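A.B. asks: Before I ask anything, here is the structure I am working with.
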Amino acid sequence: MSGYRAAFRSIYHDYIGEPDKERDTYAGFGLFFAGITLAIVGFCLFLYSNVLESGSPLYWQIREVALVVGFVGLPSVLLSAVVPLAVGFKTRVVSGAGTLFCLAATIILVDVFPYAWTTSKGINGSVWTISVYATGLVTVVASTGAALVAHYLERATTSSESAEAVESSESESESVSKADVDSDI
């Protein structure tokens, strides 16, 4: 096994356990690092837009790109915790649905930003965008939390079962050794 593959497998084994599929391990790491990179790029672009002339077309374009990149980065980081864990089909479906809501909010953002972001007519674009994105984000956070709790409980159950097996084997060896002692006396 090459160096980076062994390192990924070692980190995964230490913190999560034995991977079901090697593909899930790489997908989880890839989503995490891609999400972190997107968040940093979005933040830097947002800061850069403040240097530009406020209200200019380039100002709004850079801001829009920064928001889109940030909107995609956060669910990616959250989804990276669900992918490598051995979770059920329902958890993966909920995670996927939340991610689709976040992507839909990103599409709405591209459509309404900046000129229809706030309007006095009807519901403005900011309400739609933030509502859909918040729904998706809450869904992804809930599924990520459920996956992490299920994984923790599974590891705790496995640890307690192995501890009980060790205790039972120790008590058997103690009773055998006591019988040996009694027969020797």
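Quick reminder: no glycine exception, Cβ is built from N, Cα and C everywhere.
Note that the structure is a prediction, hence the values are computed from the model and not measured.
Under the heading compositional bias 'Basic and acidic residues', TrEMBL lists 175-185. Residues or ranges marked as domain 'Cell division protein A N-terminal' in TrEMBL: 9-156. Taken from TrEMBL, the feature region 'Disordered' covers 158-185. Summarising the annotation, TrEMBL assigns transmembrane segment to 26-48, 68-87, 99-118, 130-153.
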A.B. asks: Taking contact to mean 3 or more CB pairs closer than 8 A (sequence separation of 6 or more), are the transmembrane segment (130-153) and the transmembrane segment (26-48) in contact?
C.D. replies: no
A.B. asks: Which residues, given as numbers and ranges, are at least 6 beyond the ends of the transmembrane segment (68-87) yet have a Cβ under 8 Å from it?
C.D. replies: 12, 16, 19-20, 24-25, 27-32, 34-39, 41-43, 45-46, 95, 98-99, 102-103, 105-106, 109-110, 133, 136-137, 140-141, 143-144, 146-148, 150-151, 154
A.B. asks: With DSSP as the reference, give the number of residues of the domain 'Cell division protein A N-terminal' (9-156) in helix, strand and coil.
C.D. replies: 117 helix, 0 strand, 31 coil
